[in-house]
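J.: Submitted below is the structure of interest, expressed as structure tokens.
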Amino acid sequence: MRALGAVITLLLWGQLFAADFGNEVTDIADDSCPKPPEIANGYVEHLVRYQCKNYYRLRTEGDGVYALNSEKQWVNKAVGEQLPECEAVCGKPKHPVDQVQRIIGGSLDAKGSFPWQAKMVSRHNLVTGATLISEQWLLTTAKNLFLNHTENATAQDIAPTLTLYLGRRQLVEIEKVVLHPNYSEVDIGLIKLKDKVPVNERVMPICLPSKDYTEVGRVGYVSGWGRNSNFTYTDHLKYVMLPVADQDKCIQHYENSTVPENKIPKNPVGVQPILNEHTFCAGMSKYQEDTCYGDAGSTFAIHDLQQDTWYAAGILSFDKSCTVAEYGVYVKTFNILDWIQKTIASN
């Protein structure tokens with residue numbers, strides 16, 4: 001007896017016994033274990049309970065307990081013969097980050113605090129980021145997907161040119177790319193993998209938010225494979241803690257970064273990010289360290305202390321700040337939640 005990767009355990013010994021050996025479920029014949037003694041005015045009922053492996057949880061409207069009826073069918077009181085499913089746990093890293101460490105010139109993430117972080121390599125070995133949001137889907141920016149492609153490139157053209165790694169450089173195959181229908185204003189794309197990835201300590205999706213976590217002052221963490229203080233790509237995942245900034249100040253900062261008539265840079269940035277109702281800004285930390293080239297596509301991860309769960313509040317779109325600008329710019333995940341869910345459901 002098996003059920004979608006679940007482990008089945010016997011609640012009361014009887015004619016059928018299902019045991020858990022490691023992650024395998026083994027049936028034992030009727031005569032392999034003694035029958036329970038009879039009791040006066042009572043009877044023996046055979047029950048099994050479905051449980052999930054580590055890093056998965058049971059999804060069912062019932063309680064996961066099934067009884068053997070007179071027709072030798074396993075049924076649950078609430079859902080009948082319908083079996084439960086084991087869905088991947090999200091936003092529950094085994095080793096959550098517990099101190100401030102940074103991307104630019106910072107310390108390393110040696111503990112797997114960001115198991116949703118993916119490393120994406122595009123044409124000509126340009127490194128960017130992507131964020132695992134389910135067993136088979138990742139978020140990244142449209143700009144990342146179009147790197148070294150013409151503006152006329154299609155999603156079908158782009159997908160074969162990407163290489164994607166999860167966990168400890170686990171290579172995963174890409175099935176397709178889906179661009180946001182308004183990607184010039186909403187810098188987002190989805191990546192679908194050919195197969196679901198096993199969820200474990202090093203590979204785990206981050207949860208999608210059910211509310212907007214981007215109020216000014218909220219602190220989040222951004223991990224990344226982008227360039228370090230020497231402007232060379234790092235071989236190790238690093239991270240930074242940054243506060244959400246005032247949007248008006250952020251807009252004013254970038255509006256003043258160029259002279260409108262001839263676009264002569266007034267500061268080292270000189271590039272205009274996309275800023276609109278779908279974006280928010282995160283400011284420089286007090287350590288004067290920041291995200292940089294190659295970190296785009298990574299998530300602004302928020303730890304909801306009440307739920308003890310990590311949520312993807314945003315996706316880094318503008319990663320050109322590199323300590324010379326005050327703000328990085330992110331796409332609000334909550335604003336595109338409906339598109340994400342509909343796209344995944346229809347694909």
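Including glycine, each Cβ sits where the backbone N, Cα and C put it.
For 1-18, the entry in Swiss-Prot reads signal peptide, with the evidence type experimental evidence. Annotation comment: Swiss-Prot describes 31-88 as domain 'Sushi'. Summarising the annotation, Swiss-Prot assigns disulfide bond to CYS52-CYS86, CYS250-CYS281, CYS292-CYS322. Taken from Swiss-Prot, the feature N-linked glycosylation site applies to ASN148, ASN152, ASN182, ASN230, ASN256. Swiss-Prot lists 259-264 with the feature region 'Interaction with CD163'.
Could you tell me the structural context for the features on the list?
T.: Restricting the average to the domain 'Sushi' (31-88) gives a pLDDT of 92.
Counting Cβ atoms from all protein chains shown, CYS52 (disulfide bond) has 21 others lying within 10 Å of its own Cβ.
For ASN148 (N-linked glycosylation site), the count of additional Cβ atoms within 10 Å of its Cβ stands at 12 [all protein chains shown].
ASN152 (N-linked glycosylation site) falls within neither a helix nor a strand when secondary structure is assigned with DSSP, and so counts as coil.
Neighbour count (other Cβ atoms within 10 Å of the Cβ, all protein chains): 13 for ASN182 (N-linked glycosylation site). DSSP assigns ASN182 (N-linked glycosylation site) to coil in the three-state reduction, outside any helix or strand.
Counting every protein chain shown, the Cβ of CYS250 (disulfide bond) has 23 other Cβ atoms within 10 Å. Secondary structure at CYS250 (disulfide bond), as computed by DSSP, is helix.
DSSP assigns ASN256 (N-linked glycosylation site) to coil, not to a helix or a strand.
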J.: Select the closest residue to ASN182 (N-linked glycosylation site) from the following recorded positions, measuring between CA atoms: CYS86, ASN148, ASN152, CYS250.
T.: ASN152
J.: Within 10 angstroms of the C-beta of ASN256 (N-linked glycosylation site), what count of other C-beta atoms is obtained when all protein chains are considered?
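T.: I count 10 other Cβ atoms within 10 Å of it.
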J.: Taking Cα atoms as reference points, rank the recorded positions ASN148, CYS250, ASN256, CYS281 by distance from CYS52 (disulfide bond) and give the first.
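T.: Going through ASN148, CYS250, ASN256, CYS281 one by one, the Cα closest to that of CYS52 (disulfide bond) is CYS281.
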J.: In Å, rounded, how far does the Cα of ASN256 (N-linked glycosylation site) sit from the Cα of CYS281 (disulfide bond)?
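T.: Here the two Cα atoms lie 16 Å apart.
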J.: When you rank ASN148, ASN152, CYS250, CYS281 by Cα distance to CYS86 (disulfide bond), which of the recorded positions ends up on top as the closest?
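T.: Checked the recorded positions ASN148, ASN152, CYS250, CYS281; minimum Cα distance to CYS86 (disulfide bond) goes to CYS281.
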J.: Using a Cβ-Cβ cut-off under 8 angstroms and a sequence gap of six or more, which residues of the chain neighbour CYS281 (disulfide bond)?
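T.: Same-chain residues close to CYS281 (disulfide bond) (Cβ under 8 Å, separated by 6 or more) are VAL244, ALA245, ASP246, GLN247, LYS249, CYS250, LEU275, TYR327, GLY328, VAL329, TYR330.
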